[in-house]
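First up is the structure itself, then whatever we jot down about it.
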Amino acid sequence: MGASNCIQSEMLHCRSGHNPVMSVPNLKKPLLSNSRAEVVKLSRKCSATEASNRAKSLIVAASPPTEDVLVSTDPLTKKDLVDYLASGCKPKENWRIGTEHEKFGFQTDSLRPIRYDQIAELLNGIAERFDWERIMEGDNIIGLKQGKQSISLEPGGQFELSGAPLETLHQTCAEVNSHLYQVKAVTEEMGIGFLGIGFQPKWGLKDIPIMPKGRYEIMRNYMPKVGTLGLDMMFRTCTVQVNLDFSSEADMIRKFRAGLALQPIATALFANSPFTEGKPNGYLSMRSQIWTDTDNNRAGMLPFVFDDSFGFAEYVNYALDVPMYFVYRQKKYIDCAGMSFRDFMAGKLPCLPGELPNLNDWENHLTTIFPEVRLKRYLEMRGADGGPWRRLCALPALWVGLLYDEISLQNVLDMTADWTAEERQMLRNKVPKSGLKTAFRDGLLKHVAQDVLKLAKEGLERRGFKEVGFLNEVTEVVRTGVTPAERLLDLYHE
């Protein structure tokens, strides 16, 4: 979902089966802020023989793929970091919808989690049948890429589709359906199924396989130092999220505030993780609860977003103070867990003394921050549990109706304008346990959700794409006040 004035990458494909693909900026487009020169390096070239070798598989470099491509001639300044975020601004006609979802794979005979060797077979099967490019880390396949879609692995093998930026919810749901069809076509022959739910319902941490990805090893070692539930977050949770654009700094601020205020309502509507190791865990969204004690330096409700001074610069200040996880160099992850990006900018990073960051390092650092709404060059709505396919289409429908329609967005801001930081945090704390039955002011959160759903439907209607039907799943939840988790609990008990 890069902006029109951001670096536009084109893929140079080496078809040798060994040489990773480099991502090369299209120099016809301006580079981020025009204040700095960027040197483009190509470390590998494709021979004509390699380029014509159609029989060999396509491979792209392990994510993040661009560490050797952009080399700054000057030290990064704070203005460069602000400009990077601001480069996401784009006119309304260029706004898109990007949906990501994760799911748990299991062996249909034993119900046990699928192993990495089975995941590798699945990825290779999808690549061969449906023409995806492989993404490798060393000798291990860790994902796939096709156009602007990608498939990746979370730490415990959760299977994630990161969808392309699309114009309508019809396209988004078609993309989800196509992905699930492709996965099913391969897995049916392997004795593998997939489960759409927010938290691993049956197996303990010791039962979950560990994926061979360098960044996850660093996170796994660091998590227990900063919270009690970080490993559960990594290995036993699944989410669905939507990524949305903004036109300006002011538009970003309005959407950020609306998204944060209403995120607990989304958590309640999509609550779908009531089981731990085969038994009810006392929560409707265990996934959401886990984030309250994962790493509070990089998670939460970001009350400063509601300050009058908030903007891109203030988010940069926040992100600079979030401890780092890693730096990526020469296709390896260097453990910098707990260190400061501010020190990195001064050349004083203990794990890389004297070295300065580039914009790729900043981009990577932004991906290691996990608030309920996250800012990159777009906004990510991160509060919902994973679920079955109809709900995967409903989550983007809810937020598109609320945030991509000016009237609905203003109504949300008016509705939530007098909510205090304490009230927003109270909802964040209580919703994982009580869902739509959470008491709020003189009623229940269910009553607020009814108003919110009405605004979302009206917003979708004004878009004119006949997208309101994608909210049917949520409509039933709001009508009854019964969350998906409570339906599962009824089935369990009865």
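Don't overthink the numbers, they just go from 1 along the chain as shown.
Note: Cβ is positioned from N, Cα and C throughout, glycine not excepted.
Positions annotated as disulfide bond by TrEMBL: Cys173-Cys393, Cys336-Cys351.
The Cβ neighbour count for Cys393 (disulfide bond), using a 10 Å radius over every protein chain in view, is 25. Distance between Cα atoms for Cys336 (disulfide bond) and Cys173 (disulfide bond): 39 Å, as a whole number.
Rounded to a whole value, the Cα-Cα separation of Cys351 (disulfide bond) and Cys393 (disulfide bond) is 43 Å. Here the Cβ of Cys351 (disulfide bond) has 14 other Cβ atoms within 10 Å, regardless of which shown protein chain they belong to. Around the Cβ of Cys336 (disulfide bond), a 10 Å sphere holds 23 further Cβ atoms from the protein chains shown. Cβ neighbours of Cys173 (disulfide bond) (same chain, under 8 Å, six or more residues apart in sequence): Leu392, Cys393, Phe470.
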